[in-house]
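K.L.:
Starting off with a structure, shown below.
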Amino acid sequence: MVHVVDHPLVRHKLGILRRDDVSTKNFREVANEIARLLTYEATKDLELESLSVQGWAGPVDVEEIKGKKITVVPILRAGIGMLDGVLDMVPGVKVSVVGIFRNEETLEPVRYYVKLAGNIEERLALILDPMLATGGTLSTTIDLLKEAGCTNIRGLFLVAAPEGIERIEREHPDVHIYTAAVDERLNENGYILPGLGDAGDKIFGTK
Ligand code: URA
């Protein structure tokens, strides 16, 4: 299921990221600002539990998030560009890092780095990648999380292409997608139009 986080703040910030003259500093900051707002939406249904604490005027009933079992899964390298924003909202979570590249001859995704948090089967996984393009990397990441026993998976993206969304809905209909925008289409090189360009290059300043 796709959740488009359609809010004036998100639209404004995305407009900054789309500018060709955006600086590396500004892109990094705004990508993380949008990541915070996506996290807010993607954690809307977390379970709470009640407890009594000592307040300024005596005991008071409050709520806290039950279990706190979340892992954030940035996909290397561009996913790192959303990590700080997400951690601002859920500071205590474990970070599971995934690196995947596509073998240019076989076109098969190759997992070159995987370091998952412990007890992954008990956790909600929040996958981070600025761009959901063809969906190939995302599908492989979801496969490896499921192989490790994770059953509760959501993905956070700055921009998604209809082609990638369709693929994930077909291959992983249980996974929820949170994105700031669904753009028009992919070009012949797999870039999203109008998109943001190469999000990794923009975040790391490697254009
Ligand atoms: N990755 C990017 O960085 N940009 C795209 O448009 C698609 C994939």
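Numbers here mean position along the shown chain, with the first residue as 1.
In case you wondered, yes, glycine gets a Cβ from its N, Cα and C as well.
So TrEMBL lists these for the protein:
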type    : residues                                                              : note
BINDING : R77, R102, D129, P130, M131, L132, A133, T134, G135, G136, T137, D198 : 5-phospho-alpha-D-ribose 1-diphosphate binding site
BINDING : I192, G197, D198, A199                                                : uracil binding site
DOMAIN  : 4-206                                                                 : domain 'Phosphoribosyltransferase'
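So that I understand the layout, could you describe where these features sit and how close they are to other parts?
P.N.:
Within the same chain, residues at least six positions away from T137 (5-phospho-alpha-D-ribose 1-diphosphate binding site) with a Cβ under 8 Å of its Cβ are I75, I100, R102, P109, D129. In three-state terms derived from DSSP, T137 (5-phospho-alpha-D-ribose 1-diphosphate binding site) belongs to a helical segment.
Its Cβ taken as reference, A199 (uracil binding site) is surrounded by 26 other Cβ atoms within 10 Å in the chains shown. For the recorded site, A199 (uracil binding site), the DSSP three-state label reads helix.
Confidence across the domain 'Phosphoribosyltransferase' (4-206), taken as the mean pLDDT and rounded to a whole number, stands at 96.
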K.L.:
Which of the binding-site residues R77, D129, A133, G135, T137, D198 have a Cβ less than 6 Å from any atom of ligand 1?
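P.N.:
Among the binding-site residues listed, those whose Cβ sits under 6 Å from ligand 1 are A133, D198.
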K.L.:
Given D198 (uracil binding site) and M131 (5-phospho-alpha-D-ribose 1-diphosphate binding site), what distance in Å do their CA atoms have, once rounded to a whole number?
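P.N.:
About 9 Å separate the Cα atoms of these two residues.
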K.L.:
Here are the binding-site residues: G135, G197. Which has the lowest count of other Cβ atoms within 10 Å?
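P.N.:
Lowest Cβ count within 10 Å among the binding-site residues (G135, G197) is G197.
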K.L.:
Just how many other Cβ atoms lie inside 10 Å of the Cβ on R77 (5-phospho-alpha-D-ribose 1-diphosphate binding site)?
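P.N.:
By my count, 15.
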K.L.:
Given the binding-site residues I192, G197, A199, which one's Cα is the least distant from that of R77 (5-phospho-alpha-D-ribose 1-diphosphate binding site)?
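P.N.:
Smallest Cα separation from R77 (5-phospho-alpha-D-ribose 1-diphosphate binding site) among I192, G197, A199: A199.
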K.L.:
Among the binding-site residues listed here, D129, D198, which has the most company in the form of other Cβ atoms within 10 Å of its Cβ?
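P.N.:
Answer by Cβ density within 10 Å: D129.
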